[in-house]
Protein chains: 2
Amino acid sequence: MSTAIGVSGLAHLFGIVSIILLLVWLLHYREGIDYDSDDGLRVFNVHPLMMFLGFIFLVGEGVMAFQTVPNQRPIPKFVHMTLHLIAIVLGIVGLCAVFKFHSMRNIADVYSLHSWIGIGTFCLFGLQWIFGFVTFLVPGAQGPTRARVLPWHRAGGRVLLFMAICAAETGLMEKSGFLNLKPYQRETNLVNFLGLTILLFGVFVNMSVGIR
Amino acid sequence: MSTAIGVSGLAHLFGIVSIILLLVWLLHYREGIDYDSDDGLRVFNVHPLMMFLGFIFLVGEGVMAFQTVPNQRPIPKFVHMTLHLIAIVLGIVGLCAVFKFHSMRNIADVYSLHSWIGIGTFCLFGLQWIFGFVTFLVPGAQGPTRARVLPWHRAGGRVLLFMAICAAETGLMEKSGFLNLKPYQRETNLVNFLGLTILLFGVFVNMSVGIR
(Lines of atoms letter the chains of each structure in order from A and count residues from 1; the text may use other names and numbers.)
(Lines give C-alpha, C1' and ligand atoms only; values in the text may rest on other atoms or scores of the structure.)
Protein backbone atom coordinates (compact mmCIF):
# COMPACT_ATOMS: atom_id res chain seq x y z
CA MET A 1 0.00 0.00 0.00
CA SER A 2 2.80 2.45 0.88
CA THR A 3 4.45 1.65 -2.49
CA ALA A 4 1.17 2.49 -4.22
CA ILE A 5 1.11 5.85 -2.39
CA GLY A 6 4.71 6.56 -3.50
CA VAL A 7 3.82 5.73 -7.10
CA SER A 8 0.66 7.84 -7.02
CA GLY A 9 2.80 10.67 -5.61
CA LEU A 10 4.93 10.46 -8.75
CA ALA A 11 1.73 10.51 -10.82
CA HIS A 12 0.54 13.73 -9.10
CA LEU A 13 3.98 15.26 -9.66
CA PHE A 14 4.04 14.51 -13.41
CA GLY A 15 0.42 15.65 -13.71
CA ILE A 16 1.23 19.04 -12.19
CA VAL A 17 4.43 19.42 -14.22
CA SER A 18 2.38 18.67 -17.36
CA ILE A 19 -0.14 21.40 -16.50
CA ILE A 20 2.69 23.90 -16.01
CA LEU A 21 4.42 22.96 -19.28
CA LEU A 22 1.11 23.07 -21.16
CA LEU A 23 0.30 26.55 -19.82
CA VAL A 24 3.81 27.86 -20.61
CA TRP A 25 3.42 26.50 -24.14
CA LEU A 26 -0.07 27.87 -24.81
CA LEU A 27 0.39 31.24 -23.09
CA HIS A 28 4.02 32.07 -23.83
CA TYR A 29 4.96 30.30 -27.09
CA ARG A 30 1.47 30.17 -28.60
CA GLU A 31 -1.33 32.72 -28.92
CA GLY A 32 -3.05 32.37 -25.53
CA ILE A 33 -6.38 30.84 -24.59
CA ASP A 34 -9.79 32.44 -25.26
CA TYR A 35 -12.96 30.64 -26.30
CA ASP A 36 -14.66 33.87 -27.44
CA SER A 37 -11.76 35.35 -29.39
CA ASP A 38 -11.92 36.35 -33.06
CA ASP A 39 -8.45 34.81 -33.41
CA GLY A 40 -9.10 31.17 -34.31
CA LEU A 41 -5.83 29.98 -32.79
CA ARG A 42 -6.77 31.38 -29.36
CA VAL A 43 -10.05 29.47 -29.64
CA PHE A 44 -8.19 26.33 -30.69
CA ASN A 45 -5.90 26.51 -27.65
CA VAL A 46 -8.89 25.86 -25.39
CA HIS A 47 -8.88 22.34 -26.89
CA PRO A 48 -5.52 20.99 -25.61
CA LEU A 49 -6.03 22.64 -22.21
CA MET A 50 -9.52 21.22 -21.61
CA MET A 51 -8.72 17.79 -23.01
CA PHE A 52 -5.60 17.48 -20.86
CA LEU A 53 -7.20 18.84 -17.69
CA GLY A 54 -10.35 16.79 -18.14
CA PHE A 55 -9.49 13.62 -19.98
CA ILE A 56 -6.03 13.00 -18.63
CA PHE A 57 -5.43 14.83 -15.35
CA LEU A 58 -8.88 14.52 -13.77
CA VAL A 59 -9.44 11.05 -15.21
CA GLY A 60 -6.10 9.93 -13.77
CA GLU A 61 -6.84 11.51 -10.39
CA GLY A 62 -10.27 9.85 -10.47
CA VAL A 63 -8.66 6.48 -11.16
CA MET A 64 -6.38 6.98 -8.15
CA ALA A 65 -9.15 8.25 -5.84
CA PHE A 66 -9.45 4.87 -4.12
CA GLN A 67 -5.81 5.20 -3.05
CA THR A 68 -5.56 8.91 -2.40
CA VAL A 69 -8.85 9.87 -0.74
CA PRO A 70 -9.62 8.89 2.91
CA ASN A 71 -11.01 5.39 2.63
CA GLN A 72 -14.35 6.11 4.32
CA ARG A 73 -17.21 4.79 2.24
CA PRO A 74 -18.77 6.18 0.13
CA ILE A 75 -16.31 9.09 -0.18
CA PRO A 76 -13.73 7.62 -2.64
CA LYS A 77 -16.44 6.29 -4.93
CA PHE A 78 -18.21 9.64 -4.94
CA VAL A 79 -14.95 11.50 -5.67
CA HIS A 80 -14.18 8.95 -8.42
CA MET A 81 -17.58 9.46 -10.09
CA THR A 82 -17.54 13.26 -9.72
CA LEU A 83 -14.03 13.76 -11.12
CA HIS A 84 -15.01 11.71 -14.16
CA LEU A 85 -18.23 13.71 -14.57
CA ILE A 86 -16.23 16.96 -14.52
CA ALA A 87 -13.84 15.37 -17.04
CA ILE A 88 -16.74 14.77 -19.41
CA VAL A 89 -17.92 18.39 -19.06
CA LEU A 90 -14.40 19.76 -19.73
CA GLY A 91 -14.09 17.30 -22.62
CA ILE A 92 -17.27 18.66 -24.20
CA VAL A 93 -15.94 22.24 -23.91
CA GLY A 94 -12.62 21.14 -25.43
CA LEU A 95 -14.33 19.36 -28.32
CA CYS A 96 -16.61 22.37 -28.98
CA ALA A 97 -13.49 24.58 -29.11
CA VAL A 98 -11.85 22.54 -31.86
CA PHE A 99 -15.08 22.31 -33.89
CA LYS A 100 -15.52 26.09 -33.53
CA PHE A 101 -11.94 26.62 -34.73
CA HIS A 102 -12.54 24.35 -37.73
CA SER A 103 -15.71 26.19 -38.69
CA MET A 104 -13.96 29.60 -38.32
CA ARG A 105 -11.24 28.47 -40.72
CA ASN A 106 -13.26 26.11 -42.96
CA ILE A 107 -11.14 23.10 -41.98
CA ALA A 108 -12.52 19.54 -42.32
CA ASP A 109 -13.52 17.81 -39.06
CA VAL A 110 -12.44 14.42 -37.70
CA TYR A 111 -10.16 13.22 -40.48
CA SER A 112 -6.82 12.62 -38.72
CA LEU A 113 -5.69 9.64 -36.67
CA HIS A 114 -5.60 11.95 -33.62
CA SER A 115 -9.25 12.87 -34.05
CA TRP A 116 -10.35 9.29 -34.65
CA ILE A 117 -8.60 8.08 -31.48
CA GLY A 118 -9.87 11.08 -29.52
CA ILE A 119 -13.52 10.82 -30.58
CA GLY A 120 -13.47 7.05 -30.04
CA THR A 121 -12.05 7.51 -26.54
CA PHE A 122 -14.61 10.20 -25.67
CA CYS A 123 -17.59 8.05 -26.75
CA LEU A 124 -16.35 4.90 -25.00
CA PHE A 125 -15.59 6.96 -21.87
CA GLY A 126 -19.18 8.22 -21.83
CA LEU A 127 -20.46 4.64 -22.07
CA GLN A 128 -18.07 3.51 -19.31
CA TRP A 129 -19.29 6.34 -17.06
CA ILE A 130 -23.00 5.53 -17.55
CA PHE A 131 -22.31 1.82 -17.13
CA GLY A 132 -20.32 2.45 -13.93
CA PHE A 133 -22.97 4.81 -12.56
CA VAL A 134 -25.90 2.39 -12.92
CA THR A 135 -23.85 -0.62 -11.76
CA PHE A 136 -22.10 0.86 -8.73
CA LEU A 137 -24.20 3.89 -7.68
CA VAL A 138 -27.81 4.46 -8.79
CA PRO A 139 -29.64 2.12 -8.77
CA GLY A 140 -26.56 -0.12 -8.25
CA ALA A 141 -26.42 -3.82 -9.05
CA GLN A 142 -26.52 -6.73 -6.58
CA GLY A 143 -23.26 -7.67 -4.82
CA PRO A 144 -22.32 -10.69 -7.00
CA THR A 145 -22.99 -8.75 -10.21
CA ARG A 146 -20.79 -5.90 -8.98
CA ALA A 147 -18.01 -8.32 -8.13
CA ARG A 148 -18.24 -9.84 -11.61
CA VAL A 149 -18.32 -6.46 -13.33
CA LEU A 150 -15.57 -4.74 -11.30
CA PRO A 151 -12.51 -6.30 -13.03
CA TRP A 152 -13.95 -5.30 -16.42
CA HIS A 153 -14.72 -1.79 -15.18
CA ARG A 154 -11.10 -1.52 -13.95
CA ALA A 155 -9.60 -2.91 -17.15
CA GLY A 156 -11.87 -0.65 -19.21
CA GLY A 157 -10.76 2.39 -17.25
CA ARG A 158 -7.09 1.50 -17.59
CA VAL A 159 -7.52 1.07 -21.34
CA LEU A 160 -9.45 4.35 -21.68
CA LEU A 161 -6.74 6.33 -19.89
CA PHE A 162 -4.21 4.67 -22.20
CA MET A 163 -6.31 5.66 -25.25
CA ALA A 164 -6.66 9.23 -23.94
CA ILE A 165 -2.87 9.47 -23.65
CA CYS A 166 -2.45 8.11 -27.19
CA ALA A 167 -4.87 10.84 -28.28
CA ALA A 168 -2.80 13.49 -26.47
CA GLU A 169 0.52 12.29 -27.91
CA THR A 170 -0.85 12.12 -31.47
CA GLY A 171 -2.39 15.57 -30.95
CA LEU A 172 0.97 17.04 -29.89
CA MET A 173 2.61 15.33 -32.87
CA GLU A 174 -0.04 16.68 -35.27
CA LYS A 175 0.32 20.22 -33.91
CA SER A 176 4.15 19.99 -34.14
CA GLY A 177 3.67 19.16 -37.81
CA PHE A 178 1.24 22.06 -38.41
CA LEU A 179 3.65 24.45 -36.66
CA ASN A 180 6.53 22.96 -38.65
CA LEU A 181 8.66 22.87 -35.48
CA LYS A 182 12.34 22.47 -36.32
CA PRO A 183 14.82 20.05 -34.69
CA TYR A 184 16.14 21.11 -31.28
CA GLN A 185 14.25 24.45 -31.31
CA ARG A 186 13.23 25.54 -27.81
CA GLU A 187 9.51 25.07 -28.53
CA THR A 188 10.14 21.62 -30.07
CA ASN A 189 11.86 20.49 -26.88
CA LEU A 190 9.09 21.99 -24.72
CA VAL A 191 6.42 20.08 -26.65
CA ASN A 192 8.48 16.87 -26.45
CA PHE A 193 8.98 17.22 -22.70
CA LEU A 194 5.24 17.90 -22.33
CA GLY A 195 4.57 14.69 -24.27
CA LEU A 196 6.90 12.75 -21.97
CA THR A 197 5.47 14.14 -18.72
CA ILE A 198 1.93 13.30 -19.92
CA LEU A 199 3.13 9.78 -20.78
CA LEU A 200 4.78 9.39 -17.38
CA PHE A 201 1.61 10.60 -15.65
CA GLY A 202 -0.25 7.78 -17.42
CA VAL A 203 2.46 5.26 -16.58
CA PHE A 204 2.42 6.06 -12.85
CA VAL A 205 -1.39 6.21 -12.62
CA ASN A 206 -1.44 2.78 -14.25
CA MET A 207 1.20 1.43 -11.88
CA SER A 208 -0.38 2.93 -8.78
CA VAL A 209 -3.53 0.89 -9.35
CA GLY A 210 -1.98 -2.08 -11.12
CA ILE A 211 0.79 -3.53 -8.92
CA ARG A 212 -0.90 -6.65 -7.63
CA MET B 1 -9.86 -18.30 -18.30
CA SER B 2 -12.06 -18.92 -21.36
CA THR B 3 -12.84 -15.17 -21.44
CA ALA B 4 -9.12 -14.46 -21.46
CA ILE B 5 -8.73 -16.83 -24.46
CA GLY B 6 -11.56 -15.02 -26.29
CA VAL B 7 -9.93 -11.65 -25.61
CA SER B 8 -6.50 -12.89 -26.72
CA GLY B 9 -8.20 -14.21 -29.89
CA LEU B 10 -9.32 -10.65 -30.61
CA ALA B 11 -5.76 -9.48 -29.98
CA HIS B 12 -4.36 -11.99 -32.53
CA LEU B 13 -7.01 -10.87 -35.01
CA PHE B 14 -6.18 -7.17 -34.72
CA GLY B 15 -2.46 -7.96 -34.79
CA ILE B 16 -2.81 -9.83 -38.10
CA VAL B 17 -5.10 -7.16 -39.58
CA SER B 18 -2.49 -4.55 -38.62
CA ILE B 19 0.28 -6.48 -40.41
CA ILE B 20 -1.86 -6.70 -43.55
CA LEU B 21 -2.77 -2.98 -43.49
CA LEU B 22 0.86 -2.03 -42.85
CA LEU B 23 2.09 -4.13 -45.79
CA VAL B 24 -0.61 -2.75 -48.11
CA TRP B 25 0.41 0.76 -47.08
CA LEU B 26 4.19 0.30 -47.47
CA LEU B 27 4.08 -1.84 -50.63
CA HIS B 28 1.14 -0.37 -52.53
CA TYR B 29 0.78 3.26 -51.45
CA ARG B 30 4.42 3.86 -50.50
CA GLU B 31 7.72 3.03 -52.16
CA GLY B 32 8.25 -0.55 -50.98
CA ILE B 33 10.70 -2.00 -48.45
CA ASP B 34 14.42 -2.50 -49.08
CA TYR B 35 17.22 -1.96 -46.57
CA ASP B 36 19.93 -1.87 -49.29
CA SER B 37 18.16 0.45 -51.72
CA ASP B 38 19.58 3.73 -53.00
CA ASP B 39 16.10 5.18 -52.56
CA GLY B 40 16.06 6.53 -49.00
CA LEU B 41 12.32 6.09 -48.68
CA ARG B 42 12.55 2.34 -49.37
CA VAL B 43 15.20 2.14 -46.63
CA PHE B 44 13.00 4.16 -44.29
CA ASN B 45 10.05 1.79 -44.81
CA VAL B 46 12.02 -0.98 -43.09
CA HIS B 47 11.56 1.09 -39.90
CA PRO B 48 7.76 0.95 -39.44
CA LEU B 49 7.66 -2.71 -40.51
CA MET B 50 10.37 -3.89 -38.09
CA MET B 51 9.18 -1.74 -35.19
CA PHE B 52 5.61 -2.96 -35.57
CA LEU B 53 6.52 -6.63 -36.08
CA GLY B 54 9.06 -6.61 -33.27
CA PHE B 55 8.02 -4.07 -30.71
CA ILE B 56 4.27 -4.40 -30.95
CA PHE B 57 3.22 -7.70 -32.52
CA LEU B 58 5.90 -10.01 -31.07
CA VAL B 59 5.97 -8.16 -27.76
CA GLY B 60 2.18 -8.50 -27.49
CA GLU B 61 2.31 -12.18 -28.44
CA GLY B 62 5.09 -12.65 -25.89
CA VAL B 63 2.97 -11.01 -23.19
CA MET B 64 0.11 -13.38 -24.01
CA ALA B 65 2.34 -16.50 -24.20
CA PHE B 66 1.29 -17.61 -20.71
CA GLN B 67 -2.31 -17.79 -21.97
CA THR B 68 -1.82 -19.03 -25.51
CA VAL B 69 1.02 -21.58 -25.29
CA PRO B 70 0.44 -25.07 -23.77
CA ASN B 71 0.94 -24.57 -20.07
CA GLN B 72 3.74 -27.09 -19.61
CA ARG B 73 6.64 -25.58 -17.76
CA PRO B 74 9.04 -24.20 -18.85
CA ILE B 75 7.58 -23.82 -22.39
CA PRO B 76 5.52 -20.60 -21.96
CA LYS B 77 8.35 -18.84 -20.15
CA PHE B 78 10.82 -19.83 -22.83
CA VAL B 79 8.47 -18.68 -25.62
CA HIS B 80 7.91 -15.40 -23.69
CA MET B 81 11.65 -14.75 -23.39
CA THR B 82 12.46 -15.79 -26.98
CA LEU B 83 9.73 -13.66 -28.60
CA HIS B 84 10.99 -10.64 -26.68
CA LEU B 85 14.58 -11.38 -27.70
CA ILE B 86 13.52 -11.54 -31.38
CA ALA B 87 11.62 -8.26 -30.80
CA ILE B 88 14.85 -6.61 -29.64
CA VAL B 89 16.73 -7.87 -32.72
CA LEU B 90 14.00 -6.62 -35.09
CA GLY B 91 13.92 -3.34 -33.15
CA ILE B 92 17.66 -2.86 -33.70
CA VAL B 93 17.24 -3.45 -37.47
CA GLY B 94 14.32 -0.99 -37.52
CA LEU B 95 16.30 1.66 -35.64
CA CYS B 96 19.32 1.18 -37.93
CA ALA B 97 17.02 1.68 -40.94
CA VAL B 98 15.79 5.07 -39.75
CA PHE B 99 19.29 6.25 -38.82
CA LYS B 100 20.53 5.11 -42.26
CA PHE B 101 17.68 7.04 -43.93
CA HIS B 102 18.54 10.17 -41.91
CA SER B 103 22.21 9.97 -42.85
CA MET B 104 21.33 9.43 -46.55
CA ARG B 105 19.21 12.61 -46.50
CA ASN B 106 21.13 14.66 -43.91
CA ILE B 107 18.16 14.79 -41.55
CA ALA B 108 18.67 15.40 -37.83
CA ASP B 109 18.24 12.36 -35.53
CA VAL B 110 16.01 11.94 -32.49
CA TYR B 111 14.40 15.35 -32.30
CA SER B 112 10.66 14.62 -32.49
CA LEU B 113 8.29 13.47 -29.76
CA HIS B 114 7.89 10.18 -31.66
CA SER B 115 11.63 9.52 -31.54
CA TRP B 116 11.92 10.46 -27.86
CA ILE B 117 9.10 8.09 -26.89
CA GLY B 118 10.47 5.38 -29.18
CA ILE B 119 14.07 5.53 -27.99
CA GLY B 120 12.94 5.70 -24.35
CA THR B 121 10.75 2.63 -24.83
CA PHE B 122 13.54 0.70 -26.56
CA CYS B 123 16.06 1.37 -23.78
CA LEU B 124 13.64 0.57 -20.96
CA PHE B 125 12.55 -2.58 -22.79
CA GLY B 126 16.19 -3.73 -22.97
CA LEU B 127 16.55 -3.19 -19.22
CA GLN B 128 13.28 -5.03 -18.53
CA TRP B 129 14.46 -7.98 -20.65
CA ILE B 130 17.83 -8.27 -18.87
CA PHE B 131 16.18 -7.85 -15.48
CA GLY B 132 13.57 -10.50 -16.32
CA PHE B 133 16.21 -12.89 -17.67
CA VAL B 134 18.42 -12.83 -14.57
CA THR B 135 15.47 -12.91 -12.16
CA PHE B 136 13.34 -15.63 -13.76
CA LEU B 137 15.74 -17.68 -15.93
CA VAL B 138 19.54 -17.61 -15.56
CA PRO B 139 20.64 -17.67 -12.79
CA GLY B 140 17.09 -17.01 -11.51
CA ALA B 141 16.28 -15.55 -8.09
CA GLN B 142 14.94 -17.39 -5.05
CA GLY B 143 11.20 -18.11 -4.92
CA PRO B 144 10.20 -15.28 -2.53
CA THR B 145 12.20 -12.73 -4.52
CA ARG B 146 10.53 -13.85 -7.75
CA ALA B 147 7.12 -13.56 -6.14
CA ARG B 148 7.95 -10.03 -4.98
CA VAL B 149 9.35 -8.99 -8.35
CA LEU B 150 6.65 -10.57 -10.56
CA PRO B 151 3.92 -7.90 -10.13
CA TRP B 152 6.47 -5.20 -11.03
CA HIS B 153 7.68 -7.19 -14.03
CA ARG B 154 4.06 -7.53 -15.19
CA ALA B 155 3.23 -3.86 -14.62
CA GLY B 156 6.48 -2.84 -16.33
CA GLY B 157 5.64 -4.99 -19.35
CA ARG B 158 2.13 -3.58 -19.59
CA VAL B 159 3.49 -0.04 -19.45
CA LEU B 160 6.17 -0.79 -22.05
CA LEU B 161 3.64 -2.18 -24.54
CA PHE B 162 1.56 0.94 -23.90
CA MET B 163 4.61 3.15 -24.58
CA ALA B 164 5.43 1.18 -27.75
CA ILE B 165 1.91 1.79 -29.02
CA CYS B 166 2.19 5.51 -28.22
CA ALA B 167 5.41 5.48 -30.25
CA ALA B 168 3.63 3.77 -33.17
CA GLU B 169 0.68 6.19 -33.12
CA THR B 170 2.91 9.26 -32.95
CA GLY B 171 5.04 7.77 -35.75
CA LEU B 172 1.99 7.32 -37.99
CA MET B 173 0.91 10.86 -37.15
CA GLU B 174 4.38 12.27 -37.92
CA LYS B 175 4.53 10.42 -41.25
CA SER B 176 1.00 11.63 -42.16
CA GLY B 177 2.28 15.16 -41.60
CA PHE B 178 5.42 14.63 -43.74
CA LEU B 179 3.27 13.13 -46.53
CA ASN B 180 0.80 15.98 -46.15
CA LEU B 181 -2.10 13.52 -46.32
CA LYS B 182 -5.35 15.29 -47.09
CA PRO B 183 -8.72 14.78 -45.33
CA TYR B 184 -10.65 11.66 -46.36
CA GLN B 185 -8.06 10.64 -48.98
CA ARG B 186 -7.86 6.84 -49.37
CA GLU B 187 -4.32 6.69 -47.93
CA THR B 188 -5.31 8.92 -44.99
CA ASN B 189 -8.09 6.53 -44.07
CA LEU B 190 -5.79 3.51 -44.47
CA VAL B 191 -3.23 5.04 -42.09
CA ASN B 192 -6.00 5.92 -39.61
CA PHE B 193 -7.44 2.40 -39.69
CA LEU B 194 -3.92 1.02 -39.23
CA GLY B 195 -3.53 3.28 -36.18
CA LEU B 196 -6.82 2.01 -34.76
CA THR B 197 -6.07 -1.69 -35.34
CA ILE B 198 -2.67 -1.26 -33.64
CA LEU B 199 -4.39 0.48 -30.73
CA LEU B 200 -6.99 -2.29 -30.46
CA PHE B 201 -4.25 -4.93 -30.53
CA GLY B 202 -2.72 -3.20 -27.50
CA VAL B 203 -6.09 -2.88 -25.79
CA PHE B 204 -6.91 -6.59 -26.15
CA VAL B 205 -3.41 -7.76 -25.17
CA ASN B 206 -3.76 -5.61 -22.06
CA MET B 207 -7.22 -6.97 -21.28
CA SER B 208 -6.26 -10.60 -21.92
CA VAL B 209 -3.67 -10.45 -19.15
CA GLY B 210 -5.32 -7.86 -16.95
CA ILE B 211 -8.87 -9.01 -16.12
CA ARG B 212 -8.44 -10.07 -12.51
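Yeah, the Cβs are placed from backbone N, Cα and C, and that goes for glycine too.
Residues or ranges marked as domain 'Cytochrome b561' by TrEMBL: B:10-210.
Positions annotated as transmembrane segment by TrEMBL: B:7-27 (among others).
According to TrEMBL, the transmembrane segment annotation covers B:47-66 (among others). Within its own chain, the transmembrane segment (B:47-66) has Cβ neighbours under 8 Å at 8, 11-12, 15, 18-19, 22-23, 26, 33, 76-77, 79-81, 83-84, 86-91, 93-95, 97-98, 101, 118, 121-122, 125, 157-158, 160-161, 164-165, 167-168, 171, 175, 198, 201-202, 205, 208-209, counting only residues six or more beyond its boundaries.
Summarising the annotation, TrEMBL assigns transmembrane segment to B:78-101 (among others).
As annotated by TrEMBL, transmembrane segment applies to B:113-138 (among others). Within the chain, the transmembrane segment (B:113-138) has long-range Cβ neighbours (under 8 A, six or more residues past its boundaries) at 51, 55, 59, 77, 81, 84-85, 87-88, 91, 95, 145-146, 149, 153, 156-157, 160, 163-164, 166-167, 170-171, 173-174.
Feature annotation from TrEMBL assigns transmembrane segment to B:190-211 (among others).
Below 8 angstroms of C-beta separation, residues 35, 40-41, 43-51, 53-55, 58-59, 61-63, 65-66, 69, 107, 109, 122, 125-126, 129, 132-133, 137 of the same chain, each at least six residues beyond the ends of the transmembrane segment (B:78-101), sit close to that stretch. Beyond the ends of the transmembrane segment (B:7-27), by six or more residues, the same chain brings 33, 45, 48-49, 52-53, 56-57, 60-61, 64, 67-68, 187, 190-191, 193-194, 197-198, 200-201, 204-205, 207-208, 211 to within a C-beta distance below 8 angstroms of the stretch.
Long-range contacts of the transmembrane segment (B:190-211) within the same chain: residues 3-4, 7-8, 10-11, 14-15, 17-18, 21-22, 24-25, 29, 52, 56-57, 60, 63-64, 66-67, 154, 158, 161-162, 164-165, 168-169, 172-173, 175-176, 181, each at least 6 residues beyond the stretch ends and with a Cβ under 8 Å from a Cβ of the stretch.
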